[in-house]
Amino acid sequence: MNGNHETLALLLFSAFIAVTLAITTWVSRNRRGSAEEFYAGGRLFSPMENGFAIAGDYMSAASFLGISGLIALFGYDGMLYSVGFLVAWLVVLLLVAELVRNCGRFTLADVVAARMAERPVRIAAGTSSVTVSVLYLVAQMVGAGSLVALLLGGTSGAARSWTVIGVGALMVIYVSLGGMRATTWIQIVKAVVLMAGAVVLTVLVLVRFHGDFNALLDSAAERSGHGSRFLAPGLRYGGTWTARIDFISLGLALVLGTAGLPHILSRFYTVPTARAARRSVVWSIGLIGSFYLMTIALGFGAAALVGSAEVRASNSAGNTAVPLLALVLGGGEGSTGGTVLFAVVAAVAFATILAVVAGITLASSASVAHDLYASLRRPGAKQYSEVAVARVAAAVIGVSAIGLGLVAQDLNVAFLVGLAFAVAASANLPVLLYSLFWRNFTTRGAVWSVYGGLIPAVLLVLLSPVVSGSPDSLFPGADFQLFPLENPGLVSIPLGFLAGWAGTVTSTDPPDEAKHAETEVRALTGAGAV
Amino acid sequence: MRHDDPWYDEPASGRGEPDGTGSFAPTGPPGPVNPRRGHSAADIYMEVQRSEAFQEVRRRYRRFVVPATIGFLVWYLVYVVAAVTAPGLMARPLAGVVNVAMVAGLGQFLTAFLLTGAYARHARLRRDRAALDLRWQTQEMTRGAGR
């Protein structure tokens with residue numbers, strides 16, 4: 001690695017920061033400082049703008065770096081992420097987007113609290129939203145760290161840590177100054193840049209193989225060292241039955257998790273109507289689907305052109321497969337083409353991380369200020385405005401995510417995101433679906449459903465091989481592993497649904513029929529929506 | 001399509017923020033003639049929920065969404081479970097090195113795109129108009145109603 005691509009990448013990256021900071025300043029020039037403005041950007045984005053922003057929020061570093069890396073290392077088994085991440089959007093489109101837009105104002109808790117006793121429900125839903133967001137943030141921070149390690153050559157620990165800190169700090173500034181409006185524009189710019197980068201690389205890969213997908217797969221299988229097993233399921237999740245069940249658990253978490261992600265739900269509030277929310281999801285499914293198709297080509301391309309062994313040598317989790325692929329596609333190390341492409345990819349990946357971090361930070365600060373602070377504040381205490389609290393919360397969440405990101409540096413990014421999805425699917429999705437569709441759902445059911453999914457999901461992760469008891473875990477020295485699976489989804493998602501049901505049937509208060517009628521009418525017609 | 005997406009100033013049932021969220025201009029004083037005086041908003045929502053027009057919107061929504069959701073979830077789970085229980089079948093080559101697993105994966109993408117298109121079309125043609133009419137009616141009725 002020579003110094004040229006570093007300079008160029010840093011230059012491109014600085015340009016992105018300059019552009020986004022300019023956007024932040026521009027959109028906040030006559031900001032009114034209202035909650036409507038800070039959390040929902042005034043609700044006046046068009047479906048196309050919001051569709052790009054959703055795609056920008058969703059196509060994280062985990063997808064661009066992590067999934068391609070997993071495919072480069074494990075072939076077909078990495079593809080599960082691509083498929084799961086896309087199919088998940090059908091849940092969002094069919095069951096969640098329009099109804100949530102009609103019923104809520106800023107957060108997930110708004111939808112549930114409309115039918116239930118407000119305080120306990122808000123505290124529960126706010127807590128789980130913040131947990132999911134922090135887990136997801138850590139994944140993005142780890143992505144930023146491993147990218148920089150590659151960029152600066154070697155694994156300079158200090159450079160890595162400073163990048164994580166820098167990315168976090170920058171995002172806190174964007175979010176607390178610009179709110180949703182600035183965040184949305186950053187997502188849109190990033191989505192365009194990322195799609196363009198992916199298209200260029202995919203075209204280059206296909207041109208290398210003269211458009212012959214078969215030849216691409218063939219040489220990927222050959223260079224991977226696994227032969228045709230590389231193209232069939234089982235390389236990573238094939239051996240023991242524990243590994244196989246882990247695969248199913250991950251698959252379940254991926255497809256059900258998206259609809260419970262707080263930063264995705266909050267995007268539906270930035271458009272004026274449910275109909276616009278639906279059209280923005282259609283836009284984003286088009287963008288996200290084509291993007292994940294490209295990550296498959298890029299992953300197999302990296303296996304074919306770089307080789308699985310070299311990818312693993314650079315980063316054992318595979319996070320650096322795409323930048324390495326770019327270097328080879330441009331003409332190899334030291335060539336001008338390679339240098340330029342490598343720098344572009346590195347800058348795109350940075351932009352991706354920044355934008356996603358901004359989105360999550362904003363959503364979780366909304367949960368803290370709108371749900372937790374508003375419910376937990378002592379009645380007599382001095383009242384701060386909700387937006388001021390949200391700004392402070394953004395800073396606090398940013399700092400904690402930076403800290404955790406520094407600890408978790410050696411885990412695969414896509415895998416970490418899988419955990420965040422599992423928690424979202426266990427704690428947020430059951431309560432959301434029950435509130436929207438179940439006539440007899442009660443306050444106790446809602447509270448039980450959130451904690452009944454959240455606590456098992458978090459506990460099972462702590463007791464899993466991810467945290468202790470295996471050489472690859474977070475604390476390889478300790479061993480308090482009791483749960484065999486890496487992803488808790490298979491157990492904790494049913495538990496979340498079960499707890500919601502149990503809480504409801506054991507409830508002493510009868511369900512509120514009038515509130516249910518109101519929720520149902522508002523959800524399907526949009527009457528009274530803000 | 002902004003013409004049928006107007007803003008409406010009826011507050012949601014969420015709490016009003018005391019700290020100046022600013023954007024809820026309170027509705028003007030209710031007109032002198034209010035045919036539904038005496039009805040609370042809760043009664044009105046129950047009434048709308050029981051109306052034939054609303055039941056029809058809900059039926060159309062559910063008739064599409066329930067089978068579609070079951071369908072794509074089952075198809076996805078079959079795909080995931082087949083990968084771990086029938087790796088031999090999934091590894092069977094179909095054309096060149098392209099095997100069953102690869103085709104099934106790309107098939108997931110295809111069905112996702114098709115279902116998205118079908119849902120958007122169904123909602124636009126079969127549901128949007130009726131739902132919008134109900135929205136205006138309900139808001140007209142709740143305007144000025146005690147909550």
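Heads up, the Cβ atoms here are built off N, Cα and C, so glycines get one too.
As the structure is a computational prediction, the values presented were derived from the model and not from experiment.
Here TrEMBL flags A:6-27 (among others) as transmembrane segment.
According to TrEMBL, the transmembrane segment annotation covers A:52-74 (among others).
For the transmembrane segment (A:80-100), the list of distant contacts is 58, 63, 66-67, 70-71, 108, 111, 247, 250-251, 254-259, 264-265, 268, 274-275, 277-278, 280-282, 284-285, 288-289, 292-293, 295-296, 414, 418, 432-433, 436-437, 523-524: same-chain residues at least six beyond its ends, Cβ to Cβ under 8 Å. If you look up TrEMBL, you'll see A:80-100 (among others) marked as transmembrane segment.
Here TrEMBL flags A:121-139 (among others) as transmembrane segment.
Under the heading transmembrane segment, TrEMBL lists A:159-177 (among others).
The annotation transmembrane segment is assigned in TrEMBL to A:189-209 (among others). Long-range neighbours of the transmembrane segment (A:189-209) within the same chain, counting only residues 6 or more positions beyond its ends whose Cβ lies under 8 Å from a Cβ of the stretch, are 16, 19-20, 23, 52-53, 55-56, 59, 64, 215-216, 219, 287, 290-291, 294-295, 297-298, 301, 304-305, 322, 325-326, 329, 341, 344-345, 348, 351-352, 354-355.
Summarising the annotation, TrEMBL assigns transmembrane segment to A:247-269 (among others). A Cβ distance under 8 Å defines the sequence-distant neighbours of the transmembrane segment (A:247-269), meaning residues of its chain 6+ beyond its ends; these are 39-40, 43, 50, 53-54, 57-58, 77, 80-81, 84-85, 87-89, 91-92, 95-97, 100-101, 104-108, 129, 132-133, 136, 180, 233, 237, 277, 280, 359-360, 362-364, 366-367, 418, 420-425, 427-429, 432, 485-491, 493.
If you look up TrEMBL, you'll see A:281-306 (among others) marked as transmembrane segment.
The transmembrane segment annotation in TrEMBL covers A:340-363 (among others). When Cβ-Cβ distances below 8 Å are used as the criterion, the transmembrane segment (A:340-363) is approached by residues 5-6, 8-9, 11-13, 15-17, 20, 39, 56-57, 59-61, 64-65, 107, 129, 133, 136-137, 140-141, 143-144, 147, 150-151, 167-168, 170-172, 174-175, 179-180, 183, 186-187, 189-191, 193-194, 197, 200-201, 204, 262-263, 265-267, 322-323, 326-327, 329-330, 394, 397-398, 401 of the same chain, each at least six residues removed from its ends.
Residues 33-35, 38-39, 130, 133-134, 137-138, 140-142, 144-145, 161, 164-165, 168-169, 171-172, 175-176, 179, 357, 361-362, 364-366, 368-370, 373-374, 474 of the same chain sit 6 or more residues outside the transmembrane segment (A:384-407) yet have a Cβ under 8 Å from a Cβ within it. Annotation source TrEMBL lists transmembrane segment at A:384-407 (among others).
Under the heading transmembrane segment, TrEMBL lists A:413-434 (among others). A Cβ distance under 8 Å defines the sequence-distant neighbours of the transmembrane segment (A:413-434), meaning residues of its chain 6+ beyond its ends; these are 60-63, 65-67, 69-70, 78, 81, 95-96, 100, 108, 111-112, 124-125, 128-129, 131-132, 135-136, 138-140, 142-143, 146, 249-250, 252-254, 256-262, 317, 319, 441, 445-446, 449-451, 453-454, 456-458, 461, 466, 486-489, 492-493, 495-497, 499-500, 504.
According to TrEMBL, the transmembrane segment annotation covers A:446-467 (among others).
Counting same-chain residues at least six beyond the ends of the transmembrane segment (A:6-27), those with a Cβ under 8 angstroms from any Cβ of the stretch are 151-152, 170, 173-174, 177-178, 181-182, 185-186, 189, 193, 339-340, 342-344, 346-347, 350-351, 354. Contact count against the transmembrane segment (A:121-139) (Cβ pairs under 8 Å) is highest for A:446-467, out of A:52-74, A:281-306, A:446-467. Non-local neighbours of the transmembrane segment (A:446-467) in the same chain are 112, 116, 120-121, 124-125, 127-128, 131, 411, 419, 422-423, 425-428, 430-431, 434-435, 473-475, 480-486, 488-489, 491-493, 495-500, 502-504; each lies 6+ residues outside the stretch with a CB under 8 Å from one of its CB atoms.
Long-range contacts of the transmembrane segment (A:52-74) within its own chain (CB-CB distance under 8 A, at least 6 residues past either end) are made by residues 45, 81-82, 85, 136, 139-140, 143-144, 146-147, 184, 186-192, 194-195, 198, 235-236, 258, 263-264, 267, 270, 280-281, 283-284, 287-288, 291-292, 295-296, 298-300, 302-303, 306, 308, 311-312, 315, 317-323, 325, 348-349, 352-353, 355-356, 359, 412-417.
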